[in-house]
Amino acid sequence: MAAMITYTSSLIYLLSLMVLLFSPFGCCSDSDPLQDFCVADLNGTLSINGFPCKPISKVRSSDFFYDGFTKEGNTSNGVGSAVTPGNVLTFPGVNTLGISMNRVDFAPGGVNPPHIHPRASETGVIIRGEVLVGFITTGNVYYSKVLKFGEMFVIPRGLAHFQMNVGKGKAMVITAFNSQLPGTTILSLALFASNPPLPIKVLTKTFQVEEKVINDIKSKFIF
């Protein structure tokens, strides 16, 4: 009898685990699409898996093509870089497909500042120049390498990372994400230029500096 109870308990546990793994709640990826495509209606409200679909009668060939990467971004700014996004907000055809791309241009010495993408892993390829790519793990371990034309990199989802042009001329990188809207949190802006601002005491305690130092840093982010 005890053996039968143990067997039954094990069977119930196994069946419960299988239901969890194969149910929509246990699945780790987006649900399979029920139509060929869902071109975003950007006037609609963003939901858990994207924007509502544009009516088929209003879908055009242009919805599936994007020329935003044909022009160099304006790097005349404090960090010397420019990101041109190819996500659902600029390229409605990727809606619900779980993909997007960026073009990142760098002036000599330019940097794409440390940031995170909370909703996607990232991969990229160097199209021009020499670029230092690095990321930091949750264990505070720093990985990096200087990459040249044709070389690739990968950034695991949610980890802080950056790219910096370390060559003599301009540089350009094309990146790709497994999300139609990966999101970006630039760490320096989050800390020193949030709206409303973080309490000064939080920043002075965190960085172990005087309030004047924090105010000096914050002044760099007034646009």
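Each residue, glycine too, has its Cβ placed from N, Cα and C.
Feature list (source: TrEMBL):
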- ASN102, ASN112, HIS117, GLU122: oxalate binding site (BINDING)
- HIS115, HIS117, GLU122, HIS161: Mn(2+) binding site (BINDING)
- CYS38-CYS53: disulfide bond (DISULFID)
- 67-215: domain 'Cupin type-1' (DOMAIN)
- 1-29: signal peptide (SIGNAL)
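Shown on the structure are the features that TrEMBL records.
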{"residue": "CYS38", "record": "disulfide bond", "Cβ neighbours (10 Å)": "21"}
{"residue": "CYS53", "record": "disulfide bond", "Cβ neighbours (10 Å)": "18"}
{"residue": "ASN102", "record": "oxalate binding site", "Cβ neighbours (10 Å)": "23"}
{"residue": "ASN112", "record": "oxalate binding site", "Cβ neighbours (10 Å)": "25"}
{"residue": "HIS115", "record": "Mn(2+) binding site", "Cβ neighbours (10 Å)": "18"}
{"residue": "HIS117", "record": "oxalate binding site", "Cβ neighbours (10 Å)": "23"}
{"residue": "GLU122", "record": "oxalate binding site", "Cβ neighbours (10 Å)": "22"}
{"residue": "HIS161", "record": "Mn(2+) binding site", "Cβ neighbours (10 Å)": "20"}
Whole-number Å only: compute the distance from the Cα of ASN102 (oxalate binding site) to the Cα of HIS115 (Mn(2+) binding site).
-> 14
Under DSSP, the domain 'Cupin type-1' (67-215) has how many residues in helix, strand and coil?
-> 25 helix, 57 strand, 67 coil
From the Cα of CYS38 (disulfide bond) across to the Cα of ASN112 (oxalate binding site), what is the distance in angstrom?
-> 32
Across the domain 'Cupin type-1' (67-215), average pLDDT on the 0 to 100 scale = 97
Any further residue of that chain within 8 Å (Cβ to the Cβ centroid of ASN102, ASN112, HIS117, GLU122) of the recorded oxalate site | VAL83, VAL104, HIS115, GLY124, ILE155, HIS161, THR175, PHE177, PRO182, THR184
Diameter of the oxalate binding set by C-alpha atoms, the set being ASN102, ASN112, HIS117, GLU122, in angstrom | 14
From binding-site residues HIS115, HIS117, HIS161, the one whose Cα lies nearest CYS53 (disulfide bond) | HIS117
Find the shortest Cα-Cα separation between CYS38 (disulfide bond) and the binding-site residues HIS115, HIS117, HIS161, and name the residue that gives it.
-> HIS117
